[in-house]
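Enquirer: Okay, these came from TrEMBL:
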- 26-49: transmembrane segment (TRANSMEM)
- 70-91: transmembrane segment (TRANSMEM)
- 97-116: transmembrane segment (TRANSMEM)
- 143-166: transmembrane segment (TRANSMEM)
- 172-196: transmembrane segment (TRANSMEM)
- 236-258: transmembrane segment (TRANSMEM)
- 278-301: transmembrane segment (TRANSMEM)
- 322-349: transmembrane segment (TRANSMEM)
Amino acid sequence: MSDVNDGMVNSPVRAMSFKGTGGEFFVIWLVNTILTIITLGLFLPWAFVRSRRYFYENTELAGKKFAYHATGKSILVGWLCIAVLYGIFLVNIAHNNAVLSLIMMLLFILFSPWLIMQGLRYQAMMTTLNGVRFNFRTNPLRAWWVMLGQPLLIVVAMSMLVTSILSVMGSAMSAGMVIGGSVCIALVTLFSIVLIQGLYISQWGRLLINNLQYGNVKFEVSLETKKCAIIIVKAIVLFIPFMIAAGYFIVAPIVHLMKYSGNPEDMIMMAAMQSAGSILLGYFLYILGALVCYCYGYVAVRNYIYSQASLHNGAICFRSTVRVGAFVWLVVSNLFICSITAFLAYPWARVRATRYLLENTHVEGDLDQLPVEDHNDKPAADPANLLARGLSVMQFVF
């Protein structure tokens, strides 16, 4: 046991790094934007590939570079398949062919988890580190359960519970029962949100990471739904003060304006102008609270997942050191810079965010000591898999 601990202590810990610059990516982004506009959107798949390839090729781990090998043509074929199916769906709706439209919708819902998983597999196989390809293999039924079955079951169960509470409230004769029922419905709704989000994070994390491979070696992760749900609860609690403050600054002026309902229009207009600043402040606080809530949830989930993930039975471990305050500042300042520059500063904002995340992503262990061999799997080229390439464009580096 001590030998294992000594080995873990002596394992090298390296942070990932990003060598790209905002100026370089600005040129790529500008060319992509111009060509996409000129070609009426047809260049968009190539723009997507060029952008991702730039970020991957400038990402390093201990001197080893990532690479992205997908082509714009392969993504375009997938998007064209989606466009054709969507066009057929719209034509059926326009001709009031409800039965065929419903069948198409049900088939898409039924097979979408498999298609998304195949799309993820294609993206993984197009990603390499030091010349070794990633891979992704999963059970289609497991994917369907995580993506559709489990959330649907929770929604149905909670809907039945809410319906039962409403039926009791409908037969209630006292105001106390109505108030109590309303509180119960609010609590059930909040519990449902927390449960669905907690399950979503833990199940999706396990689905994605436990089925991911680097060459012939596998990633592993162990996530607890309880801990993920606690993160969601903390994020909601963090949002509450912002909601209260926003409500005060929005509701109070509206109540004040209602007092002028019988007065001349000039007085109402003057009162409205005086209240506009307070209402705008309320909306600003609400948006800021939503951003803080999102940033806390993202950082907490990211740090937790990385701390539980490993490669090849723990030979390689991961750690994320992203801090909530720094990430909130990053998001808010990036949004502000992009808004005042009409999004011309987007390339610098994206590079800045990527660099911060990568520099706070640490890998413990020596990749050179892994018995890694590239796999022999090839991307499937049947019509269903061509369609899948356009459905999922998730990246496997950040």
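Every residue, even glycine, has its Cβ placed from backbone N, Cα and C.
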Enquirer: Please report, as numbers and ranges, the same-chain residues at least 6 past the borders of the transmembrane segment (322-349) whose CB is under 8 Å from any CB of it.
Expert: 22, 25-26, 28-29, 288, 291-292, 294-296, 298-300, 302-303, 356-357, 360
Enquirer: For the transmembrane segment (278-301), find every same-chain residue at least 6 residues outside the stretch whose CB is under 8 Å from a CB in it, and list them.
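Expert: Sequence-remote neighbours of the transmembrane segment (278-301) are 201, 228, 231-232, 234-236, 238-239, 241-243, 245-250, 252-254, 322-324, 327-328, 331-332, 335.
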Enquirer: Quickly jot the same-chain residues contacting the transmembrane segment (143-166) by Cβ under 8 Å, restricted to those at least six beyond its ends, or write none.
Expert: 109-110, 112-114, 116-117, 181, 184-185, 188-189, 191-192, 195-196, 199-200, 203-204, 207
